[in-house]
Amino acid sequence: MQDSRKYTGIVEDCCCDYETVDTINGAVLHPLLQGLVTTAFFRYFKVKLWCDCPFWPDDGMCKLRDCSVCECPENEFPESFRRPPLGLAADDLKCQEGKPEAAVDRTLDSKVFRGWIEVDNPWTVDDETDNGEMTYVNLLLNPERYTGYTGPSARRIWDAIYSENCPKYASGEICQEKKVLYKLISGLHSSISIHIAADYLLDETKNEWGRNPDLMYDRVLQYPERVRNLYFTFLFVLRAVTKAKDYLEQAEYDTGNPEEDLKAQSLIRQLLYNPKLQAACPVPFDEAKLWKGQSGPELKQQIQKQFRNISALMDCVGCEKCRLWGKLQVLGLGTALKILFSVDGEYRHDQHLQLQRNEVIALVNLLNRLSESIKLVQEMSPTFEKTMKGLSLQPAAKFISSWNRLLKTVLGDRLRKLTL
């Protein structure tokens, strides 16, 4: 079995090696990101959860038993909850009774965000200005985990993503642009599968949650390419964060809670200017080498269109909580693409980068999800290596034992004949 610990050298199409990624992620990035996503600014995400699927008619609403969402009576909310943030209608604020695993908990607190401009993202289907149908979700109350969303509906989403929008590149493909989108989606897919397996409903009767190592192995760890693509996606998104460091440092992380806001700003600066990261992996991914030549602009438009289709497919996800995390992470990936490729693949100082608050929240949360996935791969791979070695040794031991018995039998017969 090949796992991430056996990978050496540079991550394909990136500028850092596997060992450096593992070391920097464990020592620097993962602890910083884990703290960052718990701050008031980064734990609230604006999302349109109920949308019509633009591609097929029968998955507009969740069909799972545990997907239902209730509208709480107004007297259940504290007074501060009844004042809708950012102009949302009061009837858009909903909560979830019982919090079944596939439903979204919409509980909010009184903190609000201010000072961000709504701008278009050419890489995603942009509905941020449609505040009438948007609601805020506390991500800490809705972790990415197993929901029971399986079967034809879930498979159809991934089939549509891969077959229609990012088909696997042919073996020996030398055009890096044609490989990027597939590797990004494959890496994101691997990360999602890892988180489902890492927080799995092991016993529904006891409401017992924990790791499902067999599922993690079956979906990701036994496929070296999927692990490699996870590393690629992580470095791609990390490059977007570091490239946007001036914007992210100067942004206002204002939620009305000075202590929380100072913490978020401090952690952002630690992330952007960490000396260990700058020394070990100053440029995780070199985007400047893409979109060169006469076909560059056409390729970019094609990939941009494909990614927009993928973002639109998130409205077809039949599980509410899966739709939440799908939309957030696709928006995060679209934000990374916007940062790296918004100006013909090159950064020009005469064109200022503009990001929505929601884009920054999605970008940082996506980087955290990828960081945690890499850490989980590191933790789980040695266990599987030992298990697989044990399984492979058992047949070998049986074969050697049988061979020895055969040799003894043959040699014994020959020795008896010689003595006669």
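A Cβ is built for glycine as well, from the same backbone N, Cα and C atoms used for every other residue.
Since the structure is predicted, the reported quantities are computational estimates derived from the model, not experimental observations.
Database features (TrEMBL):
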type     : residues                                       : note
ACT_SITE : Cys319                                         : active site, nucleophile
ACT_SITE : Cys322                                         : active site
BINDING  : Arg145, Thr147, Trp158, Ser186, His189, Arg219 : FAD binding site
DISULFID : Cys62-Cys67                                    : disulfide bond
DISULFID : Cys319-Cys322                                  : disulfide bond
Inter-residue Cα distance where the pair is Arg145 (FAD binding site) and Cys322 (active site), in Å: 9
Integer Å distance between the CA atoms belonging to Cys319 (active site, nucleophile) and Trp158 (FAD binding site): 14
Nearest of the binding-site residues (Arg145, Thr147, Ser186, His189, Arg219) to the residue listed as 'active site, nucleophile', judged by Cα-Cα distance: Thr147
Cβ neighbours of Arg145 (FAD binding site) where a neighbour is any other Cβ within 10 Å: 17
Neighbour tally for Ser186 (FAD binding site), based on other Cβ positions within 10 Å of its Cβ: 22
